[in-house]
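These features come from TrEMBL:
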{"type": "REGION", "residues": "1-22", "note": "region 'Disordered'"}
{"type": "COMPBIAS", "residues": "1-16", "note": "compositional bias 'Basic and acidic residues'"}
{"type": "DOMAIN", "residues": "53-462", "note": "domain 'Amino acid transporter transmembrane'"}
{"type": "TRANSMEM", "residues": "78-100", "note": "transmembrane segment"}
{"type": "TRANSMEM", "residues": "121-148", "note": "transmembrane segment"}
{"type": "TRANSMEM", "residues": "173-194", "note": "transmembrane segment"}
{"type": "TRANSMEM", "residues": "206-224", "note": "transmembrane segment"}
{"type": "TRANSMEM", "residues": "244-269", "note": "transmembrane segment"}
{"type": "TRANSMEM", "residues": "281-302", "note": "transmembrane segment"}
{"type": "TRANSMEM", "residues": "331-356", "note": "transmembrane segment"}
{"type": "TRANSMEM", "residues": "386-404", "note": "transmembrane segment"}
{"type": "TRANSMEM", "residues": "410-433", "note": "transmembrane segment"}
Amino acid sequence: MPPAHFELDARPEHPAPSEQHGSLALQSDGSFVSLLEVSQDVPALSFGALFGAYANLANTVLGAGTLAVPVALSSAGLVSYELIVCCVVALNLTTVQWLVEVADSLPKDMPRNYEGIARHYLGRFAAHVISCVFIVGGLALGISYMLFVSKSLAPVVAGLMSSSGTASEEEEAFLAEVIMWSLGLLVVLPLGLLRDISKLKFTSGIAIVTLIYAASFIIFRNAASLAEEPKVGEGFELVKLQSSFFVSLAMTTSNFSCHISAIPIYESLGPNKSPRLMRRAVLGSLATAALLYQAVGITSYLRFGELGSDQGNILEVVMQSTNRLSSPLEFAFGCLASAGVAFNLVFSMPVVMWALRSACLSYSRAARSLLCARAASEADTAEPSAAEWSVATGLLMLAILVLATKVPDIRVVMSIGGSVGGTFIAFMYPALFRLYVVKAKSRVCQAANWPELGVVALSVAYGVLSLSSALEAAFQLEEPEPPDATTSTTSTPPEAAKALLRLLG
């Protein structure tokens, strides 16, 4: 954080450059320096640094959620979804800007993260709450990643193994579980045990490339299909006034969120950073995400219409409509998109596991020992033992796989994560941080604080409505389907399972 400058020159106008030696600036350590020296010591913020902040923010906002935009749009209707996007982007832009102001107001030795700020300004209870929120959000993110991986690869593998070029839903569901557990235990778990993930940084650059390619493939296939048969898909609606509206709201909030990384990215701009430049980077990243989401979502909704609860991954839906034998070139392009998305998400899982494991270990230590604020801060920075690291990683990976098997609905998983994360991470805590850090108000309930208090109230209403709708959708998945009397009680393995057994044998 740059030192605060207090003008000691009483002249109302700024002096000429040749006269600036007469003006002094008071630094935070109590010493005085010439304003000319200050301006020479602080380099101007380069375009490369600003573009780097934009790229990092765009990489945070854009993610696997791009593939779930069509089902979010389908859950609300076209016009309703556009209104949701406008409101969410405006709110997220405001609350991220509040976080930037908070970062400028923090002492130098203060941790630049939600837990540290909450512990010092809001109390231990608020720190425990945000730790629980990170655990729930991390689990939801890990589950959605594994579901995206398995559901992206299952149609490809099933199509390659099927003699007809396409596979049934039962075959794809069986293969999806096999792929998810195999990759989870044999690839993601060993990667998650790494204590140095710096070598995996190359995936951040690949992530944008693979995601843009997959989105381009989806847009091209949808546009080609609509040009060949200009007909709107069944179930297309402009407005849907039902509980799924709030599911779409939670998913959209999650898709446009970059709050956790906002402060670290702002600090990376160096000593000449400013909230105005950070606002440009945030606005650019949100605009980029909105354009890509619109292209993927609208073309998919026009082509397929209403998407079911099991169609949360639009890449899977597109590949299901692509036959390997009749359209070999399109199938090959789709295979490349599916493989790229799966590769990116598998190698992104260690980063998700790292944050989730850190939150679990930090919370368990503080809660188990009932530590004071200072001791809890020391426990957060303590290096976990090899046993703690391995046990926590194994249990978390097992929990992710079990939950993904029990709740294989990407829409439900993302809406639960979006409702909890949106309530606390995107809305409530940035408003509270601004109240207690920037404004430092002893009396919170004042007219000057109505924007922050309004966002806090809005976050409570948002959380109740979104989480209840998400849980309702989750419970509907658990309702048993009526038995079919025409089917035999003994089921035979699907064709894909037999083919898989033949390959393994």
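Indices start at 1 and increase along the chain as displayed.
Each residue, glycine too, has its Cβ placed from N, Cα and C.
Contact count against the transmembrane segment (331-356) (Cβ pairs under 8 Å) is highest for 121-148, out of 121-148, 173-194, 244-269. Comparing 206-224, 244-269, 386-404, 410-433 for CB pairs under 8 angstroms to the transmembrane segment (78-100), the maximum falls on 244-269. Contact count against the transmembrane segment (386-404) (Cβ pairs under 8 Å) is highest for 173-194, out of 121-148, 173-194, 244-269, 281-302.
Beyond its flanks by at least six residues, the transmembrane segment (410-433) meets 65, 68, 71-72, 75, 91-92, 95-96, 98-99, 102, 114, 117-118, 121-122, 126, 129-130, 133, 136-137, 139-141, 143-144, 147-148, 151, 246-247, 250-255, 257, 259-260, 309, 312-313, 404, 451-453, 455-456, 458-460, 462-463, 466-467, 469-471, 473-474, 477 of its own chain at Cβ-Cβ distances under 8 Å.
Residues of the same chain lying 6 or more positions beyond the ends of the transmembrane segment (173-194) and with a Cβ under 8 Å from any Cβ of it are 146-147, 149-151, 153-154, 157-158, 167, 200, 342, 346-347, 349-350, 353-354, 357, 389-390, 393-394, 396-397, 400-401, 404-405, 408, 493-494, 496-497, 500.
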